[in-house]
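Chemist: Got these off Swiss-Prot a minute ago, pasting:
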type	residues	note
ACT_SITE	Asp162	active site, proton donor
ACT_SITE	Asp183	active site, nucleophile
BINDING	Gln139, Arg248, Trp250	substrate binding site
SIGNAL	1-17	signal peptide
Amino acid sequence: MVKSVLASALFAVSALAASRTTAPSGAIVVAKSGGDYTTIGDAIDALSTSTTDTQTIFIEEGTYDEQVYLPAMTGKVIIYGQTENTDSYADNLVTITHAISYEDAGESDDLTATFRNKAVGSQVYNLNIANTCGQACHQALALSAWADQQGYYGCNFTGYQDTLLAQTGNQLYINSYIEGAVDFIFGQHARAWFQNVDIRVVEGPTSASITANGRSSETDTSYYVINKSTVAAKEGDDVAEGTYYLGRPWSEYARVVFQQTSMTNVINSLGWTEWSTSTPNTEYVTFGEYANTGAGSEGTRASFAEKLDAKLTITDILGSDYTSWVDTSYF
C-alpha cells in the first residue's frame, strides 16, 4: 500500500515548536498497536521507488528494535516521529534501536547502522536512533547517511564509536543530539552543516576525537561545519578534563570547522590531534575555529589548526540553493 501526501512540507512548517501526535493526512502510519504497519521496515517496503510524489511515514510512540534501510527513491520521502515538541529532540517519543558489531556486519561500517539512508532529498524528524552495541563492538553506527540533500531535524543519535556517518552529498543536522566516544562524526565525501546540535562525549576513553573527516584530495568537496552548537560530557558521565579533541584527520585533506560553539573543559587545549603517530595526516588539513566559547575553546591549539578571521555560512557549505530542500522553518 502506497500513500502519498503532497502537503507534507506545509505540515512540517506548521508543526514547528508544537506537538506532533497525529499523522498528517495521507501518511503511512507505523504503530506498535497496529496502524498500517507494526514495523518501520514494512512501511518502507510499502513505498514506491518510482513515484515522483512525496511519500510520508508517521511513526507512533514506542521503541522499535529493528535495523532500518531507506533505499534510493525517485521522489521525496519524509519520516516523522511522534513528539511533544517538534523543535527539539528532548521530547521525542520514538526510538529505533539495534545492536550489531563491525565484525558481525562483515566488516562494513554501513551495515552496522541502525538507520541506513540512501534516499536523496529525504527528511527525518524527531527520531531517537541508537546503536547499543557499545565499546566492545568498536565501529557500530546509529546513522549511515549516503545521499544528497538529506535533512535531520530534532533527532537524537547515540552510539560509542562511529555514531554518525555523513558520507556523501549535502546534509543538514539541526536541533539535534549526537553522542559517542571515538570518531563519532565521520565520513569521506559529504558536505555537512550541523547547527544547534548538542554534542556529548562519554566516559571511557583516555583520549579520543569527536570528528574524523576522510577527505583525501584537494578536489574532494567534503567539509564538516559545526555551528552554534555545544560540546560537553554526557549528563551523569565523569569525563576528565582534556580527554577529547575536536577532530583528527582520517585522510590528509580533512576539513572541519567548529564555530560559535560552546565547549566545556572536556576538550583538550590543543583542540585537534593527529590520526596516529605513524600516520599523522596533518600536512594539508583544514581544522578551523571561529568565535567559540567556554573552557574547551581556550589554550594553544595544535600547529596544524587555525583561527578563522570570519565565520563560514551555510551557503558556503550547502550552496546557494539550499533553501530548495532544507526545512527553513528551523532557522
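Glycine residues also receive a Cβ, built from the backbone N, Cα and C atoms like all the rest.
Context for these features, please: burial, neighbours, distances.
Modeler: The secondary structure of Asp162 (active site, proton donor), as reduced to three states from DSSP, is coil rather than helix or strand.
In the shown protein chains, 24 other C-beta atoms lie within 10 A of the C-beta of Asp183 (active site, nucleophile).
The secondary structure of Gln139 (substrate binding site), as reduced to three states from DSSP, is extended strand.
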Chemist: Taking the Cβ of Gln139 (substrate binding site) as the centre, count every other Cβ atom within 10 Å, in any protein chain shown.
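Modeler: Looking across every protein chain shown, the total is 24.
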Chemist: Using a 10 Å radius around its CB, how many other CB atoms surround Asp162 (active site, proton donor)?
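Modeler: For Asp162 (active site, proton donor), the count of other Cβ atoms within 10 Å is 28.
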Chemist: What other residues of this chain sit with their CB within 8 A of the center of the CB atoms of Gln139, Arg248, Trp250, the recorded substrate site?
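Modeler: After dropping the recorded site residues, what remains is Asp162, Val182, Asp183, Phe186, Ser209, Ala212, Gly214, Trp275.
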Chemist: List the same-chain residues at least 6 positions away in sequence whose Cβ sits under 8 Å from the Cβ of Trp250 (substrate binding site), in sequence order, or say none.
Modeler: Asp183, Phe186, Gln188, Ala212, Asn213, Gly214, Trp275, Asn281
Chemist: To the nearest whole angstrom, state the Cα distance for the pair Arg248 (substrate binding site) and Asp162 (active site, proton donor).
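Modeler: Distance between the two Cα atoms comes out at 13 Å.
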